[in-house]
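Asks: What follows is a structure written as structure tokens; I'll ask about it next.
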Amino acid sequence: MEVSRKKIYNPNSTESVNERKIFGGNPTSMFDLNKIKYQWADHLWKTMLANTWFAEEVSMNDDKRDYLKLSAEEKIGYDRALAQLIFMDSLQANNLIDNINPFITSPEINLCLVRQAYEEALHSHAYAVMVESISANTEEIYDMWRNDMQLKSKNDYIAQVYMELAKNPTEENILKALFANQILEGIYFYSGFSYFYTLARSGKMLGSAQMIRFIQRDEVTHLILFQNMINALRNERADLFTPQLINEVIEMFKKAVEIEASWGDYITQGKILGLTSSLIEQYIQFLADSRLSKVGIAKVYGVQHPIKWVESFSSFNEQRSNFFEARVSNYAKGSVSFDDF
């Protein structure tokens, strides 16, 4: 069944709080936040606000010097990883505003989506700071999303589910788009993230890694947002979660693992100490299993986390003053984990 975009002005609505729906509701479009149906959305909104940060807070002075000292392979990996992150946050900012939020009919969730779109724009600004501070290949990095055929192939696949929703906004396609967002936020960023942390573990590009830590913390809240929307929909519209749809979702995850593992191998070229092809593949498989289990779908791969040190590098729950000396003061800001929701 085709779903209509919500009205931006709807004074005739008599929808009560308990009648609110993830999509297909009849909201007034007023943000009456004294009445909340999805309490997790209110909690998440406050966490996102507490996590506010700005790219200029992160010093990139040492990174410019470090970049010049990177090996040719390390520079290629840095540029490729950054180019992919730039594309995904650009895509996601537009996707949320133009393609997802218009169909979501819960005001408390609308707020979270608008905040997420702001954060995707903030990430785009952070990447611009990184590119301008470090790389001599500014235009090359910004054009790589369509000029590098390996990257373009990945981007084409990522975008196709969103484009299908824009073309054919059925209930099933909305649900598939929510899963696609979960995959983007929970899988497609992580080869790039782990690459920056691997450099930082060797004492290189510490400012870049700190920027990525802030970005990843935001992405965790985005992942939780879509997982909670999926789980709420499972309660509201169990009829949509057919065996056929679940099988399609599992295939989406399998394809994502294949694409992201291949991308990670392309970034590292088999020449980055600490990130072998097999480690990257197992890491992405582990992430896929984790994401599937969070939305009530059985794990596919049954593998262990192969690079647990990445978690300590990305965590804001520990003061790593010897690693990120410039930003110890920010560790008091909001942190988030799956256990919070």
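Every residue, even glycine, has its Cβ placed from backbone N, Cα and C.
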Asks: Of D89, D98, D148, D156, which one shares the Fe cation 1 site with E120, H123 in Swiss-Prot?
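Replies: Record check against Swiss-Prot: Fe cation 1 site with E120, H123, extra candidate from D89, D98, D148, D156 is D89.
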Asks: Looking at Fe cation 2 binding as recorded in Swiss-Prot, which candidate out of E185, E248, E251 goes with E120, E219, H222?
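Replies: Checking E185, E248, E251 against Swiss-Prot: the Fe cation 2 site match is E185.
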Asks: For the recorded Fe cation 2 site formed by E120, E185, E219, H222, name the remaining residues of the chain with Cβ within 8 Å of the site's Cβ center, in chain order.
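Replies: Not counting the recorded site residues, we get D89, Q92, Q116, E119, L184, F189, D218, T221, L223.
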Asks: In the same chain, which residues outside the set D89, E120, H123 have their CB within 8 A of the centroid of the CB atoms that define the Fe cation 1 site?
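Replies: Filtered neighbour residues, in order: L85, M88, S90, Q92, A93, E119, A121, L122, S124, Y127, I215, D218.
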Asks: Determine, to the nearest whole angstrom, how far the Cα atom of Y127 (active site) is from the Cα atom of H222 (Fe cation 2 binding site).
Replies: 18
Asks: Of the binding-site residues listed here (E185, E219, H222), which is spatially closest to H123 (Fe cation 1 binding site) when Cα positions are compared?
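Replies: Given the candidates E185, E219, H222, the nearest one is E219.
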Asks: In sequence order, which same-chain residues at least six apart have a C-beta under 8 angstroms from E185 (Fe cation 2 binding site)?
Replies: E219, H222, L223, F226
Asks: Tell me which residues of the chain lie with their Cβ under 8 angstroms from that of D89 (Fe cation 1 binding site), as long as they are six or more apart in sequence?
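Replies: Non-local contacts for D89 (Fe cation 1 binding site): E120, A121, H123, S124, Y127.
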